[in-house]
Amino acid sequence: MSQAPGAQPSPPSVYHERQRLELCAVHALNNVLQQQLFSQEAADEICKRLAPDTRLNPHRSLLGTGNYDVNVIMAALQGQGLAAVWWDRRRPLSQLALPRVLGLILNLPSPVSLGLLSLPLRRRHWVALRQVDGVYYNLDSKLRAPEVLGNEDGVRAFLAAALAQGLCEVLLVVTKEVEEKGSWLRTD
């Protein structure tokens with residue numbers, strides 16, 4: 001498999017793209033799907049389809065550097081025959097049927113910095129979580145390499161910590177069948 005610019009091969013079986021420009025949504029999509037399926041150009045095309053008659057597209061940065069919104073992520077997944085389901089933060093994480101979920105995409109507040117200078121601003125950042133060979137990984141494109149989260153308990157602990165900080169949104173990436181049946185949610 002060829003690697004995108006900035007992609008990390010370590011651990012060997014885990015695909016991980018590193019952050020470039022404001023393309024965290026593109027990196028999160030590719031990381032959660034474990035292959036390079038999307039590019040900035042593909043995301044820009046989705047933006048044009050979502051808002052065909054607008055001069056300033058509301059689904060991306062005005063500067064054309066990325067910063068795509070959730071609508072682009074959802075449309076990209078739909079184009080792959082997948083769905084994104086919003087996780088209701090009021091539900092206990094024990095109700096999340098992780099074996100039925102392909103991966104997770106989180107939208108988190110992220111600090112802004114200019115070089116070594118940290119600014120008192122927050123932006124939004126897309127992060128992918130995915131199980132590969134029985135192990136869950138944090139595939140944040142700002143990390144140098146995938147971060148091992150471990151088993152289901154590890155990913156639930158990571159999600160609980162992210163949700164506890166507030167302003168975190170979680171999308172479950174699932175097949176259309178899982179979405180239609182609602183089987184991403186435990187009923188027991």
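Glycine residues also receive a Cβ, built from the backbone N, Cα and C atoms like all the rest.
In the structure as shown, the Cβ atom of Cys24 (active site) sits within 10 Å of 28 other Cβ atoms. Per TrEMBL, the feature active site maps to Cys24 (among others).
Sequence-distant neighbours of His125 (active site) (same chain, 6+ residues apart, CB-CB distance under 8 A): Cys24, Asn107, Leu108, Pro109, Ser110, Asp140, Lys142. Taken from TrEMBL, the feature active site applies to His125 (among others).
All chains included, 24 other C-beta atoms sit within 10 angstroms of the C-beta of Asp140 (active site). Per TrEMBL, the feature active site maps to Asp140 (among others).
Feature annotation from TrEMBL assigns domain 'Josephin' to 11-188.
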